[in-house]
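According to TrEMBL, the protein carries these features:
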DOMAIN    30-360  domain 'GH26'
ACT_SITE  Glu185  active site, proton donor
ACT_SITE  Glu291  active site, nucleophile
Amino acid sequence: MMKCIYRISYALIIVGLFSACNNQKSKELSGKEQLIDVLRSVKGKGILFGHQDDLAYGINWKYVDGQSDVKRVAGDYPALFGWELGGLERGDAVNLDSVPFDTMRRLALTAYQKGGINSFSWHPYSVVNGENSWNTDTTVVKYIIPGGDKHEAFVHQLDKIADFLNSIKTENGEKIPFIFRPWHEMDGGWFWWGSKSCTPDEFKQLFQFTIDYLRNEKGVDQMVVAYSPDCSFTSLNQYLTWYPGDEYIDVVGVDNYYDLRVGGDVQAAINKLHIVIDYANQNGKISALTESGIENVADSTWYVQKLGVVLNDDKVAANISYAMVWRNDPDVHFFFPYPGHPGAKYAKELLNQDHIWLLNDLVALEKK
Ligand code: BMA
């Protein structure tokens, strides 16, 4: 009997210790904090390479499990997987690029379970006129921020976004951490939340409300938030024109296609990243090239002579955590070459460089 009591109490102590350790671990680092930690720890070691919609479709294939144009060309999956939420806010089952949200949920979970990082962009339809993100005919932002006539309708849109993001869970019910990159390229005039359609103050209210609501009212606490203007700035002041505040932002980035276009100024792209990097380093943020590419890889040497030059700049290489290129939609446009495309060997050359990290490189770091 005594022996038995000893055994039971010993077992309880072990279980107790175990759960104390686990609790302590989860108290120490939440999923969000772990993701921030990973993004910080790659800095100076490798730049994570990302690709939008990588696991969903590519050139000559759609929804083939395990397929990836990056893998076909460079031998491994990207380390970062971009996804797009546009359409979710109005209850659509597929996004504006026809990707079913059920499939996206499954593939984002797959990416996470393989050790990759997911990032979500959002090109929403407006609740003011029902038009897509590129329609700037009507003022929207002013009406959807707190106090605006359409604010309630906008909150319903956010509810749908939250429900989906919170539904991406492991079998244990763990919500997977991700990067959320809303209201991007606001310094351009092409979106209804852009510089021609709202004031910086309205924009900041929109951004702040979006994050506060998702996080505090809807429990989206697994979210790392990215600020990613386009590349119209040449000074820190300009870069920060639309910045919602350090308490809202984890990743400071830039979307830059323009400076890396044919005939573009690569040094200008580097200079802008330096501004972003300096801000990140002085304020404890992560820096990234949040979007880039050349449509249809029209310059086959682009991955070496444009993106490669940027990512091999000493300061860029030593600081940014990731660089992501846009999607490969055979019907619209593609930004990563496919086997047989003249750009494939250049993309492979860049992605095979030691400091450009694909999924296996990231997994190796996470195991350390
Ligand atoms: C744009 C284009 C569009 C697409 C949108 C959202 O840059 O690729 O075709 O609908 O992104 O993914």
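Cβ coordinates are placed from backbone N, Cα and C, and glycine is handled just like the others.
Listed in sequence order, Gln52, His184, Ser228, Asp255, Asn256, Tyr257, Met324, Val325, Trp326 are the same-chain residues six or more apart from Glu291 (active site, nucleophile) with CB atoms under 8 A from its CB.
Sequence-distant neighbours of the residue listed as 'active site, proton donor' (same chain, 6+ apart, CB under 8 A from its CB) are Phe191, Gly194, Ser228, Pro229, Asp230, Asp255. According to DSSP, Glu185 (active site, proton donor) sits in a coil region rather than a helix or strand. Across the domain 'GH26' (30-360), mean pLDDT in this model comes to 98. Under the three-state DSSP scheme, Glu291 (active site, nucleophile) falls in the strand class.
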